[in-house]
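Visitor: Pasting a structure below so you can have a look.
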Amino acid sequence: MDVPGAVVIGGSAGALDVLRAIVRALPPVIPCPVVVVIHLPSHSSGLAELLGAETSLKVKQAEDKEPLVAGVIYIAPPSYHLLIESSGTFALSVDPPVHYSRPAIDVLFETARDVYGRNLIGVLLSGASEDGAAGLQEIHAAGGTTIVQTPLSAEVAIMPAAALALFQPTYLWSPNELASSLSQLLSGSAI
Amino acid sequence: MRLEISEPEIAQLLEIIYQRYHYDFRQYAAASLKRRLQQALTHFRCATLQQLQDLLTSDESVFPRLLEYLTVQVSDLFRDPEFFLTLRQQVMPLLATYPSLKLWIAGCSTGEEAYSFAIALAEEGLLDRTRIYATDINDGSLRKAQKGVYPLDRMRQFTMNHRAAGGHGSLSDYYHASHDSAVMSPTLKQHITFADHSLATDSIFSEVQLVSCRNVLIYFDRLLQDRALGLFHDALCRRGFLCLGTKESVRFSAYAQRFQELSPEQKIYRRVD
């Protein structure tokens, strides 16, 4: 893979601590944007602040029509689906929930795959629903890099297990490996 | 796995829809439209967009059903209660200074937003002097909106929304239960005109004191957003109110300087000239 076009990360129950560890380990300069969908109660909008405390990289809630910029970590706003347009900008929608979730990981993953194809890294973490599995499979089918948290290490294994039932991801990592190796992948060094 | 469709194929289909049925989706945001078309393909049992296109041009009954996939939004009564609370506290006292009121709910879908405004206005003693124009491009949605019949099991959530939105009466004063349905009160309907109107192709029809168009602009591209905001600006009276969705903004539009923020949090603006 050349320089990745984007990293997309999805998770649900039990994903927050892993995500914080991943963000904490990221190098101060990364060559692409990182986009995150985590299922949270609709009123909680503090995820950007929470992650921002872990890194010197800019962390913000994604806005409609905003261009994706390398080095920035974007969070889906509560109660909206987050999509990526072929122009490299975000779009929001209030279309019905997917797997009972809005934002849905599948919606982000599928639209990201349409834009970045094989130059995409998709990461699926701990979670209590099957959201994200089909989207990650699409990233896999397009030749992108797919990373799944090991079900044994996940607080709730349903989400990673759903992905593994569909395909064999590029990497199957524990939280420690997720933090260190994703960081290496983004620094351009060999794993 | 989803069925593959390309953007040129989508553009071709939208062009045919425009030429044949005069519905203009050509400036809709592509990613959402693509997802909805993929769902439509499954519904119509088509493997490719070309097949759907053939079906569309050979069977007149297909388009109304396809339109459901392209436009329909499910909404709630008093969706985003904080918005309606702010509306009551900061906007309605100012609306009360007008001897008669006209409001425009643009993109009303099946009517929930229009009824929410009507109930809030009734509770503030303003409904008697108000005409609400609620517009949409989907005739099927407009017919449902006109009927104002919602599943009774949604009323529990709507009642909680209504209370959180500062409602002082009981929501049940504004509908009656019939079997599994809640039917909105005729006194509300008297003040609402549901009408066909396209933000993409039509012009303005009345001067209004308030426009509410929430979670519609996110489905448009930048140029169409500008067109819609231009219509709202022209329809509004001096110092009139514009309400957008919580994640929508005039900030990046050609009209950024023509509206002033009243509630940055709830995306309520006032027209400035």
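Keep in mind that glycine also has a Cβ here, set from the backbone N, Cα and C atoms.
What TrEMBL records for A:Ser12, A:His39, A:Asp131 is active site. For A:1-189, the entry in TrEMBL reads domain 'CheB-type methylesterase'.
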Visitor: Count the other Cβ atoms sitting within 10 Å of the Cβ of A:Asp131 (active site), across every protein chain shown.
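Guide: Here the count is 29.
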Visitor: Can you give me the average pLDDT across the domain 'CheB-type methylesterase' (A:1-189), rounded to a whole number?
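Guide: Mean per-residue confidence for the domain 'CheB-type methylesterase' (A:1-189): 94 out of 100.
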Visitor: List the Cα distance (Å, whole number) between A:His39 (active site) and A:Ser12 (active site).
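Guide: Each residue's Cα considered, A:His39 (active site) and A:Ser12 (active site) end up 5 Å apart.
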Visitor: Under DSSP, is A:His39 (active site) part of a helix or a strand, or is it coil?
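Guide: Going by the DSSP assignment, A:His39 (active site) belongs to neither helix nor strand, so it counts as coil.
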Visitor: Would you mind pulling the DSSP three-state label for A:Ser12 (active site)?
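Guide: Assignment for A:Ser12 (active site) reads coil.
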